[in-house]
Amino acid sequence: NTFLVKKFRTKFFLDNLLDEGVLKFEEKDKIIKANRTTAKKARDLIDKVMNKGDEVTLILHLQMKHLPLYKHLSGSSTSSDIYPVTSKSIKNRVALLITNITFADEKYNRRGAEKDEENMEELLSTLGYEVVKHTNLTKMENALDDFSKHPKLKETDSVFVVIMSHGKLGAVLGVNHKPGEPDELKVDDIYDKLNAKNCRALVDKPKIIIIQACRGKETGSALVEADDVAVREIDEDVLRFTHKEKDFIALLSSTPHTKSWRNTFKGSYLILFTVDVFQTNVLKDHIEDLFRKGKELPDCRQMATKDRCTLTHHFFLFPGDLKQ
């Protein structure tokens, strides 16, 4: 199944199999040097694995360590437990990415957010999603409305919606937001636009939401950089909301009423760690496990939160029993 590696970092996967003794160094080196394209590398890898002598031991090993590849090799299927993914649906994946960096009032500017945009766009593209990208938006509901009518939604297996901006309880702020002159996207509107009633093309499909948003220390306070931390290149972020829609899952930047943080040079800790978790585990973990690991931020300043999950099946981005 070439999609196991085609949309992922081939070198990392081969290194992982080498470390675990599935491949020898010479085998890994030959796969890399003998094949110019990622698809050919993937095919060569699968052929070598299937030709291993002690296949029973190998399959058990893969079942423990690399579930999607195990499913492909063993022919097992748990289609009733997972959301359907096909070659065609992967080719039609689409994601919405909104990043607000520069605001009308420059004291609200989000230093380091351009790294979040770069990192998240690369991750989504690696996962096979066409990225509909917007930067520095006002009236964000217009972009969301357009996305809900995207022609690829009928054929995709899932969508990501990633929004990074300032925020307050229940809303994400547009770049023209000022005290007394709100420019807001209500978080409820995200779910309303993509739910079964208003977006039939996404019925029974996973809708993955990631929101990184920041505010001041108290409700109604000015949006300013954190001055009470030892490292001055760190800003504070927080957002909390609830929803009741089917087939949604959301990862929030922090627990209720607490801060989360953004490094003004590297980007937010949530996005940095989420990208790393996906790159390392996407071939073997479903989305809930990825989010669970994404919550375990190594920085003690914050605890990311998986919001109310209404998924009815496991969602593997690259399941082993991929159909054409």
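For all residues, glycine too, the Cβ spot is worked out from N, Cα and C.
A quick note: this is a predicted structure, and the numbers were derived from the prediction, not measured.
Annotated in TrEMBL:
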DOMAIN    1-55  domain 'CARD'
DOMAIN    91-218  domain 'Caspase family p20'
ACT_SITE  HIS166  active site
ACT_SITE  CYS214  active site
DOMAIN    238-319  domain 'Caspase family p10'
Could you count the residues of the domain 'Caspase family p20' (91-218) that DSSP puts in helix, in strand and in coil? 41 helix, 38 strand, 49 coil
Enter the number of other CB atoms within 10 angstroms of the CB of HIS166 (active site). 24
